Amino acid sequence: MPELVLQLTRAGFLALLWLFVLAALRVVRSDLYAASGLRAAVPGVFRKGTKQPAKGKTARQLVVTQGALAGTRISLDGRPILVGRADDSTLVLDDDFASTRHARLSLRGSDWYVEDLGSTNGTYLDRAKVTAPLRVPLGAPIRIGKTVIELRT
Amino acid sequence: MSLPPGVLGAATTHMNVSGQPSATPTRRGTELAMLGFVAGLVALALVVISENQTQSLNPNLLLYVGGYAVLCAGAHFAVRKFAPYADPLILPCAALLNGLSIAMLYRLDPVLALRAFNNGDSYSNAAPKQLIWTAVSLVVMTLTLWLVKDHRTLARYGYTFGLAGLFLLVLPGVLPCSISCAGGAKLWIILGPVSIQPGEFAKVLIIVFVAAFLVSKRDLFTIAGRKVLGLELPRLRDTGPLLIAWAVAIVVLMIEKELGASLMFFGTVLVMVYLATERSAWIWIGVVLFIGGATVAYKLFTHVQTRVTNWVDPFADAQNDGFQMVQSLFSLGSGGVAGSGWGAGHPELVPVIQSDFIVAAFGEELGFIGLAAMLLVYMLLAMRGLRSGLAVRDTFGKLLAGGLAFLLLWQVFVVVGGISKLIPQTGLTAPFLSAGGSSLIASYIMVALLLRISDAARRPQATRPKPQAPIAEANTVLVERPS
């Protein structure tokens, strides 16, 4: 083998060996973010198609903005909030247009979701009727009968 | 009114709604790509060697390149089947070191055969044997993955493994010298053409035992004793297990005339005790015990004295006792920074270059640049092991992964330190690199255990209990009507 080719293969092999090390380090780096599954919500990485709440702010309280209970605040501690006329609801509504168990707000990850529990008159998030669990952005009005509630920080 | 639909809805839509990925990526594709890279790298090395040595492409090259690629693919599919969520780097790193070892043996075979012929000795080629041993090791790895479905089951057989390990460790020492002596140490069981080094398997078994033992007796080691010089020393009676490990190490050193095995054994036990207790006092106790043991060994055994003399000044007796050490230093020195290139150096001048001193051959032919990359690959392998240990949820798995990863690095340190005269030379093999079946099989068993633990660490839990309070216990807040 000519001397030149020998020198080229000698340098080339070492370069490829180091390329392997660098590729391995790349895998290590990508693993830092993807390993635990809990790290899916990396700051700055927004999911497509959903409106994001203000950065770093999670809802701390639920405020009734319209209806007979207007002004009522409920502090959120991560447990689900049940809304309806039933006595054991978290927010007990005295409202003829609300069902006994009307809607539920629950925390998943860092977001609150509203779901309709099969009410007669329906639950509305903003202007959309809630048919499947929907993520509730901060400040978006949820209409239940004559009552309107929203999440605040 | 209608509670059930809501509850059902919550249960079924949970994964879709939460926005988190419902399936953890298995990363087997990454592993396959890395393995392909490794196979290409090894193929390149073999081609360059063949060109440099014979100025032509040897037809048996195809056997090595193809055989190695097939083995890589087989290992990949075994992992895909038995440990789908395993770490994607562990297998490629091991495969790279193993492949480079086959290439180096392929390079050394002609010159070693020629020398043996000139001396009137017989020599059987090491590269084909190493390829076969690789196949056997990968089968053993697959079997380990298949048998050990959950690494925690190993903890149940802790004492059995411990006894078996101790038995294997001491066995060559008590066997008659005719079937256990080779190269001045009693480490082997030689049965006809096959020679086994049971110590290689013993170390894995003993790590499993120590991990199981420490998990069951963990409290014992953390009871604080007196405080001396800012160190909380454990009570004297709690140091029993460590003292026993020390005594075993000394006995092994005495009957087998071999530093390496006892150094591996004692160091690994010490570090695992430290991992389990997080108390630095254990390290200091261990260091004191080591210094005591080393001094006693130096005073009593001539073979230890020889090793130390060679370490202090190998050139004092460069033609006899120091010959191997001196040749190894010359080999590394002539390699320099960039190395001589595959097949262009003379590593065959170092005695037992194909097993204990193979790292010197890599140092000569690939130079500092190449050897540094290989050491980094070792480090990556150990790092992935430690990471799996951090991520796995059970204590036994953590200790086992930590112990295995440390053992790998410790062995590399002792071997590379030995051939480069940083520490006295021992008779240990470089994991994955040295020619020899026992070392390779034991190394792949360690890889299988690390793969199993990393699989357990990354596998999504089948049923994650959702902390959701029943409605009856839901937080009720007093609501007051505004006036």
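Every residue gets a Cβ built from N, Cα and C, even glycine.
Remember, TrEMBL labels are computer predictions, not curated facts.
What TrEMBL records for B:32-49, B:61-79, B:131-148, B:160-190, B:196-215, B:261-277, B:282-301, B:357-378, B:399-420, B:432-451 is transmembrane segment.
Taking residue pairs at least 6 apart in sequence, the transmembrane segment (B:196-215) and the transmembrane segment (B:432-451) share three or more C-beta contacts under 8 angstroms. Between the transmembrane segment (B:399-420) and the transmembrane segment (B:61-79), fewer than three CB pairs separated by 6 or more residues in sequence fall under 8 Å, so the two stretches do not touch. Same-chain neighbours of the transmembrane segment (B:357-378): 93, 96-97, 100-101, 104, 107-108, 324, 328, 331-332, 334-347, 350-351, 408-409, 412, 415-416, 419-420, 430-431, 433-435, counting only residues six or more beyond its ends whose CB sits under 8 Å from a CB of the stretch. Counting same-chain residues at least six beyond the ends of the transmembrane segment (B:32-49), those with a Cβ under 8 angstroms from any Cβ of the stretch are 57, 61, 64-65, 68-69, 72-73, 75-76, 88-89, 91-92, 95-96, 99-100, 102-103, 106-107, 341-343. Through the fold, the transmembrane segment (B:131-148) approaches residues 64, 67-68, 71, 74-75, 78-79, 82-83, 98, 102, 154, 436-437, 440-441, 443-445, 447-449, 451-452 of its own chain, all at least 6 residues removed from its boundaries and within a Cβ separation under 8 Å.
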